[in-house]
């Protein structure tokens, strides 16, 4: 039992707590913005994919950076290292392409299934994705370096951290994009 | 390891199973994980291109799968918004399950890199331990999430009845129990396949496990809500 409920377990539990609190905050924002969600047809189609994309991109980014740190390829805090820059560029390319696909899918679903021509769905995820990336990617990198420096395994801690902060950032970016469009 | 050997390592076609990695690992006593990382992201590699090339397809597929879940949400949005605690709970549960998927993926990728072959999970103490840790953490977090969601909705002025609270706890407990098992199985299966194909499981496992967790969470949750309410 002691082998199971050890430091690693406490790390997972602590990180999950952060994640659940972040998720509840996102849920609270969603509940408060009920009118917007109900007013924009198809917005909920984008919602899970958009939140997930943030976790996927930032989570994979943190895992790659952590592997580089463990293998000694990279030093914590070296923001100009080619691995860091490459990861930054890669994250933006992925967000732009995948958000475009997500918007296209949501638009197609609303046209073909619900019979509504909601063209704003093509722009909202793209704009929101770039906005969220501008905040979330530097935050993920900084957190990965900080966690590694403190002797914790980023694989255990960063995933939940990036998804919870990413969710709040994403949902706010999504509503900002809805307002702008 | 000499520079020509490194060059040869970098030039190996990604679709092959990197026979040189095996040879160099055996002769130079360097872990295959290290050599694999050097090959993927070492000097000479265009990092962003490697990332985009390996992640794009899986992310698009994950978006496709997630949008199916989104479609279910859109279809049931009036039912969902009538039960405010579930609106608050839904992102928390998605986050929690996705994060557990990330923990499982990260740990399993690490185990794959450290070992050459993985035994079946039920015979491996590290994997059994990981499963118990993840399940225990998930069940503790169910209590936290439900408690938090009920507090938020009560503060918002819509306090649910005792019967409704009981149903919410039961629905969330069953949902999480089922999904932890599924995500664990998917991570192990996908991780093994991806690693054997000579690709970085970190780039594939996380999108796959989170997509599975997201979609199934919505589908199972909507199904259980329909039965319970």
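Glycine is treated like the rest: Cβ placed from N, Cα and C.
TrEMBL: automatically predicted annotations, no manual curation.
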Which range of B:29-53, B:204-228 is transmembrane segment, per TrEMBL: B:204-228
Range annotated as transmembrane segment - as stated in TrEMBL, picked from B:2-19, B:56-73: B:56-73
Which of B:56-73, B:79-109, B:168-195 contacts the transmembrane segment (B:204-228) most, counting Cβ pairs under 8 Å: B:79-109
Positions whose Cβ lies under 8 angstroms from the transmembrane segment (B:79-109), at least six residues beyond its ends: 73, 127, 130, 134, 137-138, 141, 145-146, 148-150, 152-153, 156, 158, 160, 164, 168, 172, 175-176, 179-180, 183-184, 187-188, 191, 195, 200-202, 205-206, 209-210, 212-214, 217-218, 221-222, 225-226, 229
